[in-house]
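Enquirer: Annotated topological domain 'Intravirion' per Swiss-Prot: 1-26, in sequence order, evidence recorded as sequence analysis. Annotation comment: Swiss-Prot describes 48-616 as topological domain 'Virion surface'. Here Swiss-Prot flags 119, 341, 433, 481, 538, 600 as N-linked glycosylation site. Residues annotated as disulfide bond in Swiss-Prot, with similarity to another entry given as evidence: 172-196, 186-247, 238-251, 344-461, 455-465, 531-542. Annotation comment: Swiss-Prot describes 234-239 as region 'Involved in neuraminidase activity'.
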């Protein structure tokens, strides 16, 4: 029994001894494995120079720096991408569109002539040099960022004078009208043989031409056809427009003074004429007794017309018959436009009363002087389907000379500041169903005209006046959304007298540096301006056709003043200012006088100012 127990105990001791050594072995193996792993990790870390926990703190910073470098690189490439996109998606299609537009205009012109061949309307439509394709009647400067007045006119450039001048001391050329389409330009002025005040008889010069580029790259206007209408008809206040059939012209036939015409009981005779591409001129009297049955006096606006939707649109103004339907429709209507940062101090009720009275000046016997627009269908038949639009006087001021312009897809009506408001006005115009609608105008506070007191250049309150002078602005600078930003023009920089013509670029409140025609005592009158681009060189030019006096031959000489539009890249911030203020450091660009300087003697200047203020 004892022996058996001993045997069992011995076996148990042996089993326990085996288990103990097995455990020791396992622990030793485990420790060895851990030590091996630790040594391996240390060796690996040492060989790869791995970061310690303190080193890992800088990883986010390093990532941020790398991100900035990548972003910067992408940003620099974005400029290239943007330029490529602009060229491919914007500029190239626009250039193609401009080319297509010019081709279509030429085709349209030819189709008009082909359709009218049986009526001897002529053939062989002219067209400007290819350098001008896409540069006429377009938005020439599209810039959202630059200050408008950082664009400014160069000194006047010598070019071919396409306008005939008087040849005797008593001769007079006055009232220029100009319009240019994508294919040709049209120009007209009045010629009086015995002084500018004669209303009994005159000639009318009418010309058709194209823009050319000389071998040396200079711009010049080439007259292809011209005619001097020297007959028994006394055409006055003519407006001209370039249409697909040639040069359409609207004139009044006058045999009495303007005051006598307003006191008459019947409308003024009017004629629609055309100088065709074959050099032949034809005209037709309009039925004014029906078209202007509510009018006692009616005149074209002098400024150019515009070809829109197969019709030619002319500015018109004149006097309404008292108590006629057109006169009654305007009763009590008025509008007051205000100067920039220069409020009229008069009581509001008094301003309203004076604004209403401004439409019926005493000079014309208290007749309502009304603005209007006449559209005529362009066909081989003259005077076809005329339609008269009379805009409400809640938009327009007292009727006055004007101009209809088309730039890009936008249409405008310029209205001369014959009433109390001195700054230049451009009314946006939309057309539909043969009629026009005018909208609240763009105003250019530094683009003023001289006028008699109380409607001088600095006037700020409504008053009854018939004053001012025709000096139209041309839309030049646009936002990318086609909103007008700035205009070019030649103004008479004097408060009361028609003196000191200067050219400049204008925004709504200020003007650029100026280019002066001559001395401040130089007498001048009407100016009309048109801008275009030589696409080949990407240079923008503006033409101001101006009536300038102080010459040996004739009381007035009509001169085409040509400038290039330059840019002062150092000017970035727009500044408001009165018309007499210029930017610090700027100097007027005064070219060598192209006419004789007047002696600036006190008595001479007094006589000159009185003489200059006497013109209509």
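Note that Cβ sites are derived from N, Cα and C of the backbone, with glycine treated the same way.
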Enquirer: Which residues of the same chain, at least 6 positions away in sequence, have a Cβ lying under 8 Å from the Cβ of residue 186 (disulfide bond)?
Expert: 178, 179, 180, 206, 207, 208, 240, 241, 242, 246, 247, 248, 249, 275, 304
Enquirer: Compare the Cα of residue 341 (N-linked glycosylation site) against each of the recorded positions 172, 238, 481, 538, 542 and report the nearest.
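Expert: Comparing Cα positions, the candidate nearest residue 341 (N-linked glycosylation site) turns out to be 481.
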Enquirer: State the count of C-beta atoms found within 10 angstroms of the C-beta of residue 538 (N-linked glycosylation site), not counting that atom itself.
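Expert: So the Cβ neighbour count for residue 538 (N-linked glycosylation site) comes to 8.
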Enquirer: Quick one: DSSP breakdown of the region 'Involved in neuraminidase activity' (234-239) into helix, strand and coil?
Expert: 0 helix, 5 strand, 1 coil
Enquirer: Measure from the Cα of residue 172 (disulfide bond) to the Cα of every one of the recorded positions 344, 481, 542, then give the nearest.
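Expert: Smallest Cα separation from residue 172 (disulfide bond) among 344, 481, 542: 542.
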Enquirer: When a 10 Å sphere is centred on the Cβ of residue 341 (N-linked glycosylation site), how many other Cβ atoms does it contain?
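Expert: There are 10 such Cβ atoms around residue 341 (N-linked glycosylation site).
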Enquirer: Hey, of the disulfide-bonded residues listed (172, 247, 344, 465, 542), which one tops the CB count within 10 A?
Expert: 247
Enquirer: Check the Cα-Cα distances from residue 196 (disulfide bond) to the recorded positions 238, 433, 455, 465, 531 and tell me which is shortest.
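Expert: Of the recorded positions 238, 433, 455, 465, 531, 238 has its Cα closest to that of residue 196 (disulfide bond).
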Enquirer: Using Cα coordinates, what distance in whole Å links residue 344 (disulfide bond) and residue 455 (disulfide bond)?
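Expert: Here the two Cα atoms are 13 Å apart.
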Enquirer: Please compare the disulfide-bonded residues 196, 238, 251 by how many other CB atoms fall within 10 Å of each one's CB, and tell me which has the fewest.
Expert: 196
